[in-house]
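S.K.: Positions annotated as transmembrane segment by Swiss-Prot, on the basis of sequence analysis: 5-25, 50-70, 77-97, 117-137, 147-167, 176-196, 203-223, 227-247, 250-270, 302-322.
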Amino acid sequence: MLEQVILFTILMGFLISVLLSPILIPFLRRLKFGQSIREEGPKSHQKKSGTPTMGGVMIILSIIVTTIVMTQKFSEISPEMVLLLFVTLGYGLLGFLDDYIKVVMKRNLGLTSKQKLIGQIIIAVVFYAVYHYYNFATDIRIPGTDLSFDLGWAYFILVLFMLVGGSNAVNLTDGLDGLLSGTAAIAFGAFAILAWNQSQYDVAIFSVAVVGAVLGFLVFNAHPAKVFMGDTGSLALGGAIVTIAILTKLEILLVIIGGVFVIETLSVILQVISFKTTGKRIFKMSPLHHHYELVGWSEWRVVVTFWAAGLLLAVLGIYIEVWL
């Protein structure tokens, strides 16, 4: 029965995304919600200018509808599911506002860094308030062991850092056709397996709903992309995967399973530090995926390589938690 629920969930998420896309993409095009491309980016990306963005709306709709329908068939909506849906929708709305300012108000940078940070913090604080209300654990566990450490009030700081940092890390990865869609499907798939292994079936259902939604989106987002998810999708996915890691007490393992997102973020941090301290850049461009483009790799080769890296890291994460 449970296996059937998981199968139907991923199929439903996939089909909703696939069926919504042919409706939403022309609608976004008519509204002229096209992506503007930074001039300092790779020259090969200039031809993507005008590609409909904010496609993350179809991902979020697919996740919400699929999760609610399948959860009600399996059990009642749990506090964990409420938190997952809240964070996904909250960060998705923040990303939508950022995208709207970029494409409609023609402010290419969207929300200022300060405005976006304030929004991310507010959502994280509300999340933790609800998390604390339901008396969820404030300990952090060492993957593959029974060792755990209660952080007490300091767990709030960790949650804040993870949600803000994690959503931004996933957002940075969304720079090539299909890159984030593929790596997200792999990472959420890994967490679905681990949540299932812990008998957290509601979290597993949510996770596979995301897998189905992003795979359906990937049909139209693979190179050459017909639509981009925008910050609407990337911030929502970032918030969602961090929330899953918190609810499954796999905060540390997120660094491995989400290793591609971590590496992308580190490449930006190292680039900034190097340039400010030495005046030299480590990479031709950051995040890292742009560096490989500029050394001559095709966009598709970069994407597939990062997918492969994400898959290896996901398998490693599962191995550490389940079999080590």
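Numbering starts at 1 and runs along the chain as displayed.
Placed from the backbone N, Cα and C atoms, the Cβ positions cover glycine too.
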S.K.: With contact taken as 3 or more Cβ pairs under 8 angstroms (pairs 6 or more apart in sequence), are the transmembrane segment (302-322) and the transmembrane segment (147-167) in contact?
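M.R.: Between the transmembrane segment (302-322) and the transmembrane segment (147-167), contact is absent.
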S.K.: Taking 3+ C-beta pairs under 8 angstroms (sequence gap of 6 or more) as contact, is the transmembrane segment (77-97) in contact with the transmembrane segment (227-247)?
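M.R.: In contact, yes.
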S.K.: Quick check for me: are there 3+ Cβ pairs below 8 Å between the transmembrane segment (50-70) and the transmembrane segment (117-137), leaving out pairs under 6 residues apart?
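M.R.: Answer no, regions not in contact.
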S.K.: Suppose I define contact as three or more CB-CB distances under 8 A, residues 6 or more apart in sequence; do the transmembrane segment (203-223) and the transmembrane segment (5-25) meet it?
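M.R.: Contact criterion met.
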S.K.: Find the member of 5-25, 176-196, 227-247, 250-270 that has more C-beta pairs under 8 Å to the transmembrane segment (147-167) than any other listed stretch.
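M.R.: It is 227-247 that shares the most Cβ pairs under 8 Å with the transmembrane segment (147-167).
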